[in-house]
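K.L.:
One structure is given below, represented as structure tokens, and several questions about it will come after.
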Amino acid sequence: MLTKFETKSNRVKGLSFHTRRPWILASLHSGVIQLWDYRMGTLIDRFDEHEGPVRGVHFHNSQPLFVSGGDDYKIKVWNYKARRCLFTLLGHLDYIRTVQFHQEYPWIVSASDDQTIRIWNWQSRTCISVLTGHNHYVMCAAFHVKEDYVVSASLDQTVRIWDIGALRKKTVAPAEDIMRLTPMNTDLFGGGDAVVKYVLEGHDRGVNWAAFHPTLPLIVSGADDRQVKLWRMNDTKAWEVDTLRGHVNNVSCVMFHARQDIIVSNSEDKSIRVWDMSKRTGVQTFRREHDRFWILAAHPDMNLLAAGHDSGMIVFKLERERPAYTVYGGTLYYIKERNLRSVDLSSSKEISSVPIKKPGATGMNQGPRSMSYNPAENAVLISSDVDGGSYELYMLPKDAGGRDVQEPRRGQGSSAVFVARNRFALIDKASNQIVLKNLKDEVTKKCPLPLATVDGLFYAGTGNLLCRSEDKVLLFDVQQRTILSEIQTPFVKYVVWSPDMENVAFLSKHAIIISSKKLEHRCTLHETIRVKSGAWDESNVGVFIYATLNHIKYCLPNGDHGIIKTLDVPVYLVKVSGNTLYCLDRDGKICTLQINSTEYMFKLALIKKKFDEVIRMIKSSQLCGQAIIAYLQEKGYPDIALHFVEDERTRFNLAIESGNIAVALASAKEINEKDHWYRLGIEALRQGNHEIVEYCYQKTKNFERLSFLYLITGNLEKLKKMLRIAEMRNDIMGRYHNCLYLGDVEERIKMLEESGHLALAYATAAIHGFADTANRLADELGSSVPILPEKSELLLPPSPVLYDGNWPLLLVSKGLFEGAFGDGGTVDEEEDVDAQAWGEEVEISDAVEGPRTDDVHDFENARQDNDEEGGWEMEDLELPTDVGVSENSVTTTNVSFIAPSPGVPVHQVWTHRSSLAGEHVAAGAFDTAMRLLSRQLGIQNFSPLKPLFEDLHIASHAYLPAFASVPVVPLALEKGWTESSGLNSRNPPALLYKLSFLEEKLKLAYKLTTEGKFTEALKHFLGILHMIPLLVVDTRKEVDEAKELIGICKEYVLAIRIELKRKETKDDSVRQQELAAYFTHCNIQSVHVKLSLQSAMALAYKGRNFNTASTFCRRLLELNPNPQTAAKARQVLAACEKNPSDENRLNYDPRNPFTVCGATFTPIYKGSKDISCPYCSARFVPEIAGRICSVCDLAVVGADASGFLCSSTQVRY
């Protein structure tokens, strides 16, 4: 059984497959009907209007309907699109067991415990016939697929065949039938429309199920007598053919398989059995541990079955449908109908056909699983699962007739594959070896498997094999017996090499991994539904085409992927050449599909930077759609995306993103919305295009920004005009700002005085030296004259040195895509964007807020009478003619200018490439580093790490001082940088903390411990523990050393904390002895163990615990101390042996292995429950769970963590 989908739910009593969609209905004993997508494994909908168990359910074969029947005596017809019950059919008087739609007519047949079968017209919503005759519960009833028959099974131990031909005739010609009807009341029994044709008796107990064969005149039934019976019928009689015995409990359901000569049955004995219909014998049995089976359903077109049991359902196949095949050059070798065929794909001509022997073993899934072709000898290896793994070696004939076919050579072994011109390899599972044989089937060499878990071999070039294990693939040299490389993968089902053998694709159930021939990882794709097959595009190097259950997709070398075509039924790809895709279907037929490769060829050209090809494809192809635009934006080509877009808003967004001011200006004019002008102004300001910025500010009437723009560009003339405009608009603050920008003190004093701010006017006049005005204002103020500060600074802007319009930009050659598409991406040079055009659109009168008409007219008259230029007129917000702004100066010139595109910050590269906390800290991404440490090591207390974070970040950068007004320029320090490194290449950060530095720190901590400076030693050991999470190393050996360092520091921190605790406990001699004893069991260096044993020995002896002291003496002597210490230990031992007893009872048993709790400093003996710190692995009693570890002072005790990560070699791709 090949399980495709499984659910967990209440007991499933009814099942039905949808005819076209990958859906299945399951009716539950709880009263709920579930609609599942078995391909995606998702619950689509649920229907719960029934009261009580729902025992029967069935999809209509063409309408969006299904019918259900339950223990509430109701038959409900549902529309699954509308997600509601359309109507309810009432008439049965007891539980309804099964319901079914007719294939052709608008009928529903239902079986009930009221001992009747009813046929309903669901269009007229009436019962059109009642079939009576059973005298016990009717367990099932079903229409024949083609004939006018109904079969029913009942607990009265009979199976009945009903002829409903009269009912069909009545439906086809109802008027004629009505003329023939007698006036008798036929409502109760439905007249003579359905009559019993045969009654099949033979079961000894109640019959639970009966079913027709779809094409043959056969019936199968299953009953409580644990038997499955096969019946045959003709026009005149029906008889029992045979009985199938094997079930050990009631048979719940039985059916014919639609595509094979087998019978499938399930039972309350928790098994599904498969029977050979011709031999009448059991072929295979599938069992569950605890669940009884109740119902079976078969897909009408596909090789799928479903079974409902006590805790859900399973959708499964009985055997694989994938044909074994291989491709070499343009020839396909495959197996169909017990023949090994070879076909020239280009001409579809069959080259040869060799019959292969049918496996002798009984059971399903015994067919060929894989195939390997040897072009040098024209030989084919076929592997199958027969007898635990076997192979057959065929030498193909040279002529198409196949007259000189040799007898194949057969043998035991799995995963047979050619490895050289005259050698093939296989796995001998008995000896766990790879066996090499020649074409005479003689063993030439044996070598052990590179890993004990290797269970599959694939070709990898002459002399090399790809060895598959559960979570990796190894590249193995069979001659040298060495592993050349490996790659981490999910369980690999198929391996596909590119034609040039430079790339390889590994196909697993839900993933595709692309790598180089040396197993260097290129990319990984994950799919939500099963991956079925794949092939490399021979016309486009690097493109991998693969098929899932319902799509054909592509994968590019950089990991980009997309959908090419949707499939109705799965296919197996064998070859891709240009737009032609060759494949096999599940029946072994060769299909040719035409695909549109434009999309992935376009993306491939972009990846390879073949821009001339990109231009050609844009001009000639039908590329369009949001997906292409989004892809181009994502990959940094918004300028190309412009040529696919006609919508002005989208064009504006792309133009802003690509910095194309000309296109953005044209789109902004079409849209003419304030927000778009604002965004255009920001981008133009970024590029220093002040004319466009000025135009945008005028369009949005943003006078404050406009004034500031004139200030920073030094355009004093226009700034003076802005002052007049502000005065005309009665804008006090705008007027003051403009005065301030211009340095016009007199105007500021006048404005402040006019607005009533006499004190401010006096202060301004006095500070700037306008004594007469100041005295006049002082007289007006009287006693309210403000006191001025002694030291004042003039608020005068610097005078502009030069006013030169737009900023100079980088001089570059014209872009490759500019002008390549006609006028698709630029603005015509003839379009006028001059002062007049601007002035007509933005007028002063439009900008005046709360205009004072008299003031405006006075201002106009004064302006006309004045010969000097006195400010802008009412329509004078446009650019004046002397500026000379034209479209040529704004958008395109003879020489192209572009602003440099900002690069990706180094710290962003570091964080995107790495999942190592140290590199995130170096990049300044403290938040992501903290999340990584929390996830990997369970760290929650980051206070001790704060200074380390800061030091590491600062040390990974150099800081260059610049001008006084410019901030310091940080430069990232990269590891392994050389002068030959590329400008755009980015290496990992150079880090402050190295393993060698920590080892030196460890030596110092050892020395301090030996000297008895425990407080200082503790600081050093804790410092190492706090630095290790930020460590980054290069090799797996260094990873192991770092992990070992964590263990060493943990033991020493624990030991020193115990000793410091002992020194604090002065009044309790018993506790002092316990702590001294625990100290001796810490895993520390021998010299420190000797010192701890001496201390523990002395304390125990003084406390008159002579027996315990003697154990310390013996342990000390075993460590070969110096002569003086040894002599003293022997003296103490001799004294203790005279009185081998303990005066005080200690919580210490040296004979029972234990660890010391890092918080309570009590022993945790072997077998006791404990928890650990996810970082330092210190052990604690369970009560400490959830607290910060008292050993490392970082992690939460008992927290879940993925593990210590300090090297890129630990990361799985």
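Quick reminder: no glycine exception, Cβ is built from N, Cα and C everywhere.
Marked as domain 'COPA/B second beta-propeller' by TrEMBL: 338-585. The feature domain 'COPA/B TPR' is assigned by TrEMBL to 612-762. Residues or ranges marked as domain 'Coatomer alpha subunit C-terminal' in TrEMBL: 814-1212. Summarising the annotation, TrEMBL assigns repeat 'WD' to 47-88, 89-130, 131-164, 200-241, 244-285.
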K.L.:
Are the repeat 'WD' (131-164) and the repeat 'WD' (200-241) close, by which I mean at least 3 Cβ pairs under 8 Å that are 6+ residues apart in sequence?
P.N.:
yes
K.L.:
Would you list the DSSP helix, strand and coil counts for the residues of the repeat 'WD' (89-130)?
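P.N.:
Each residue of the repeat 'WD' (89-130) counted once, the result is 0 helix, 25 strand, 17 coil.
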K.L.:
Within the same chain, where does the repeat 'WD' (200-241) have neighbours whose Cβ lies under 8 angstroms from its own Cβ atoms, ignoring anything closer than 6 residues to its ends? I mean 6 or more beyond.
P.N.:
136-137, 139-140, 142, 144-146, 149, 151-161, 247-256, 258, 263, 265, 267, 269, 275, 277, 280
K.L.:
Counting each residue once, how many in the repeat 'WD' (131-164) are helix, strand and coil under DSSP?
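P.N.:
Counts, helix then strand then coil: 0 helix, 20 strand, 14 coil.
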K.L.:
Cβ under 8 Å to the repeat 'WD' (47-88), counting only same-chain residues 6 or more beyond its ends: which ones?
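P.N.:
13-19, 23, 25-33, 35, 94-101, 103, 108, 110-112, 120, 122, 125, 300.
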K.L.:
Over the span of the repeat 'WD' (200-241), count residues by DSSP class, listing helix, strand and coil in order.
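P.N.:
DSSP classes over the repeat 'WD' (200-241) add up to 0 helix, 25 strand, 17 coil.
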K.L.:
What counts of helix, strand and coil residues does DSSP assign across the repeat 'WD' (47-88)?
P.N.:
0 helix, 24 strand, 18 coil
K.L.:
For the repeat 'WD' (244-285), jot down how many residues DSSP puts in helix, in strand and in coil.
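P.N.:
So the counts come to 0 helix, 25 strand, 17 coil.
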